[in-house]
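Among the features that TrEMBL reports, domain 'Major facilitator superfamily (MFS) profile' is placed at 51-473. Sequence annotations record features per position, and here TrEMBL assigns transmembrane segment to 48-67, 87-111, 143-165, 177-199, 205-226, 323-344, 351-369, 381-407, 419-439, 445-465.
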Amino acid sequence: MRGRHADAYSMYKRGTRDYINAYDKEQGSVRSLNGVSKEIGNPSWKRSFLYILVASLASFLYGYHLGVINETLESISNDLHFNGNTMAEGLVVSICLGGGFLGSTFSGLIVDRVGFRRAFQLCALPMIIGSSMSATAKNLSGMLLGRLFVGTGMGLGPTLATLYVTEVSPAYVRGTYGSFTQIATSLGLMSSLLIGFPAKETEGWWRICFWVSAVPAALLALFMEFSPESPHWLFKEGRAADAEAAFEKLLGGPYVKGAMAELSKSERGGEAETVKLSELLFGHHRKVVFIGSTLFALQQLSGINSVFFFSSTVFKSAGVSSQSANISVGIANFLGSFAALLLMDKLGRKVLLIGSFSGMVVAMGLQAASASSLVSSSNEVYLSVGGMLLFVLAFSVGAGPVPSLLLSEMFPGRIRAKAMSVCLASHWVVNFFVGLLFLRLLEQIGPLVLNTIFATFCLVAVIFVKRNVLETKGKSLQEIEIALLPPE
């Protein structure tokens, strides 16, 4: 029996479909779809729901630290004596994105070495330390160091949350659960904006804003201690018995046998191989890595984080109060994220991406038009504000939540963590430069040219998605891997 499976595995690695047919025939009634048996129906979504919420705390923290600087930047710059220095202000915003690049780069290595539970706890630690350092900063250097620490946790968090959700969710709700991370990000963003409102009137309030963020980070570290490890990681480490126990906790006893059978199609327990960077960039999976890296780069080149970082500044120039602006941005982001939750497993990932980027083209076009001489001053505010809110809404429906989920589904289990970290590196690099240079570019070339550039990148993203992205809705991780595996 063992020889038959060894031969079958060899056939699979050559990319043929003969193994799939033979394997399915042999497994008969236990054939499953990511742990879902066709004879006994779907496992209860309630079993894994709480663990998804715990993992989503990492995304909540990402959103919080993304927006915490929005309302507080003016007070911070006044207290730490760099007010009016746009490069220093941009650096306070973007230094955490540089830290995010470091965290993201090593996220795959960390997950492969210690597993998800410990990796989440390692993610929470620099966020607690960095928040404390930022809250007690006496000068610009102290603030930058604290933000750098926070950034390393931000780099780890989104990667871990997406991968964990992908690997512990039943296939029929994986898209919905994947949307939870975007909702958590939007809730974190809204929380930071709401908590930051008193910063301009209350001296030293900005320090409270940073102290607050240490609480969810501590909860993440605590609750992960009681959450199950990813059965995919356990099986890859040769811990098949532990993987079965994890599946039983996540899916229920009747689904364990089918889930393990499905998992064995693409993983070989106890025979983990070291994945080299050269294999990801130039090997069999280079096309999927290229698609992922480009998708994340285009996501950031759309200009979305210029909205989250500097919406107060932009709306203020349009004559709209920062509080009204930020509440509106937060609501638009939440509504779009909630719509993504409802639509992800109905319309599919590719449809949402195309529709999202298309809407962003229109929205950024409206913002560009508001800065042109063709629009009267009375209509300028409506076009600018309406365009920005539409942009956030369109982004949060697809371009925000889909790329991370889509790529975590597309990468084979053996390379999933490291490949995601490589792709997310492009996200953090582009994000860093957008945060650093946005205010300076706004001064130098003006909103008309800058928004036109952002709109062009959104249009490029629409074309790129149509030509390169595979639909993964409703497919098990193993079925997706088989469809994408190139012949050797």
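Each Cβ is built from the backbone N, Cα and C atoms, and glycine gets one as well.
Those TrEMBL annotations? Automatic predictions, nothing curated.
Mean pLDDT across the domain 'Major facilitator superfamily (MFS) profile' (51-473) comes to 85 in this model. A contact between the transmembrane segment (323-344) and the transmembrane segment (381-407) is present, since 3 or more of their C-beta pairs, 6 or more residues apart, lie under 8 Å.
Count of Cβ pairs under 8 Å against the transmembrane segment (419-439): among 48-67, 351-369, 381-407, 445-465, the largest is for 381-407. Cβ atoms under 8 Å from those of the transmembrane segment (48-67) belong to residues 96, 120, 123-124, 127, 150-151, 153-154, 156-158, 160-161, 164-165, 168-170, 177, 180-193, 196, 213, 216-217, 219-220, 223-224, 227-228, 250-251, 305, 308-309, 326 of the same chain, restricted to positions at least 6 beyond its ends. If you look at the transmembrane segment (205-226), the same-chain residues 6 or more away from its ends with a CB under 8 A from one of its CBs are 54, 57-58, 60-61, 64-65, 68, 71-72, 75-76, 79, 117, 120-121, 123-125, 127-128, 131-132, 134-136, 146, 150, 153, 192, 195-196, 198-199.
For the transmembrane segment (87-111), the most Cβ-contacting stretch among 143-165, 351-369, 445-465 is 143-165 (pairs under 8 Å). Within the same chain, residues 298, 302-303, 340, 343-344, 375, 383-384, 386-388, 390-391, 393-395, 397-400, 402-403, 406, 447-448, 451-452, 454-455, 458-459, 461-462, 465-466, 469, 471 sit at least 6 positions outside the transmembrane segment (351-369) and bring their C-beta atoms closer than 8 Å to a C-beta of that stretch.
Proximity of distant same-chain residues to the transmembrane segment (381-407), defined by a Cβ-Cβ separation under 8 Å and at least 6 residues beyond the stretch ends, is recorded for 158-159, 162, 165-166, 174-175, 178-179, 181-182, 185-186, 288, 291-292, 295-296, 299, 302-304, 307, 311, 314-315, 318-320, 325, 328-329, 332-337, 339-340, 343-344, 349, 352-360, 362-367, 369-371, 375, 419-420, 423-424, 461, 469, 472.
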